[in-house]
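According to TrEMBL, the features are:
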| type | residues | note |
| --- | --- | --- |
| BINDING | 194, 201, 204, 210 | [4Fe-4S] cluster binding site |
| DOMAIN | 44-192 | domain 'HhH-GPD' |
Ligand code: SF4
């Protein structure tokens, strides 16, 4: 078992520092060219891989350009255009109704506050955080996706289980200026080394400070179950 640093603040700072060296070009992997495309890509990415979303949005973004285009699209037609995406029917509905609201209440512009964004159908705090950070350069919180959730628990940065509570813990310890990057670093490390199915602790740059490290720890702190 690795030995975490004395405080969670120190542990978080060390994690950021080491992962930055490992993944210097870490950034969002969804493709988009404006705020509306970003919003739609993030809605589509819930429980779906970014790779699949990027494949699907190539044609989608060429067909639909404005919020009016989506709002006026028949449900079946839009769902059909998204059929390789998980929960495509629901997501088509969310996108259509969110775009209706953007047209009716926000002059066709993707809003730039947490409250207005989370008021849109299909938009929770995680989606809103991504849109604020990458669409508006506003960093109000930390995006907690499945990788951030798993790594934060494995690394002893939180004992919380639910994303919104994990976010609160992380906001208290991740260094200012790194809230956005923390997410991308966790995603890159989660994909490359510390995945849900298998953690390759022997190849991990965090092994000596990770309390879940397999060499000695019998427990995966993300799940609380034995490895
Ligand atoms: S790969 Fe192993 S040592 Fe590295 S962060 Fe994941 S659980 Fe910890």
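Every residue gets a Cβ built from N, Cα and C, even glycine.
Automatic prediction, not curation, is the source of TrEMBL annotations.
Cβ environment of residue 194 ([4Fe-4S] cluster binding site): 150, 151, 154, 200, 204, 206 lie under 8 Å away, each six or more residues apart in the same chain.
Non-local contacts of residue 201 ([4Fe-4S] cluster binding site) by the CB criterion (under 8 A, 6+ apart in sequence, same chain) comprise 207, 210, 212, 213, 214, 215. On the 0 to 100 pLDDT scale, the model's mean across the domain 'HhH-GPD' (44-192) is 97. Summarising the environment of residue 210 ([4Fe-4S] cluster binding site), the number of other Cβ atoms within 10 Å of its Cβ, over all protein chains shown, is 26.
In this view, residue 204 ([4Fe-4S] cluster binding site) is surrounded by 20 other Cβ atoms within 10 Å of its Cβ, with every protein chain counted. Here the domain 'HhH-GPD' (44-192) has, by DSSP, the following mix of helix, strand and coil residues: 98 helix, 0 strand, 51 coil. For the [4Fe-4S] cluster site, the Cβ centre of 194, 201, 204, 210 serves as reference, and the other residues of the chain with Cβ at most 8 Å from it are 2, 154, 193, 199, 200, 206, 207, 212, 213, 214.
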